[in-house]
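Have a look at the structure below before the remarks.
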């Protein structure tokens, strides 16, 4: 099986001054994940490392760069899933952790549970020697400015929530195993303790070697109502291509509950797609040593991996 990786940096509205940073970030993440796959590494390692790359990038709403809740704090959710055995690990409402996706994987591999939350997740991180960092180190100047807007008389917090959020990755490795990973800072000005789709198996992501892997992004509450990631795979089980399955699931979410979002998909045969119903979604993929990426509907840039690495 030829390895494939697809990553996304969030569906929604990407402001012009952040487009270049978003493109660079998703390209960097995709190349990082693909290098693991090319060396014979697992899909699980590839999606984790790709997401870590985006958690460390302040252009994305995950890790450093996460938006703030109503009290001006960062609370993050993440999930990872192994398509080989349907093992999954997730964390929700975690604070003071640089890379929630790494903690989610430890939940999967070191506990009998699938989801740890808030204080319990942080206690587990301490037990696993995951360093705790000051919460303010995760807060960028941009996130602070956006949060501060809610204090202004003419602010519109609902409008502010429309900017893109969440990062994710899906991959298939040389052995034919698939995996997914999703991480987010959630909604700007959200209630303390709010958990969205990203930590919920079947909504924020799903991976099954029998079908493929999906990572989602967009309005979390809508995706939870339709269990979006698993819905995409269900349509693929019924014979749809990844692209048709993604469009059908996104359309159902839009017409049934009024939700917008995006998905990245890789099938167990190595076919892939990146589809979205929002204005934009940053995405990138690498297959057969060719990199493709875009942000707008219909946009697709292509270059060889060698060219992409040479221009970094």
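Cβ from N, Cα, C; glycine included.
Because the structure is a prediction, the values reported are computed rather than measured.
As recorded in TrEMBL:
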ACT_SITE  166  active site, nucleophile
BINDING   194, 195, 196, 197, 217, 218, 219, 220  substrate binding site
*Give me the Cα-Cα distance between residue 195 (substrate binding site) and residue 166 (active site, nucleophile), rounded to a whole Å.*
13
*Spatial neighbours of residue 194 (substrate binding site) that are distant in sequence (at least 6 apart) but have CB under 8 A*: 69, 75, 93, 186, 187
*What is the total of other Cβ atoms whose distance to the Cβ of residue 197 (substrate binding site) is within 10 Å?*
32
*Taking only the binding-site residues 196, 197, 217, 220, which one has a CA atom nearest to the CA atom of the residue listed as 'active site, nucleophile'?*
217
*For residue 220 (substrate binding site), which residues in the same chain are close in space, meaning a Cβ under 8 Å from its Cβ, but six or more apart along the sequence?*
184, 186, 187, 196, 197, 198, 203, 204
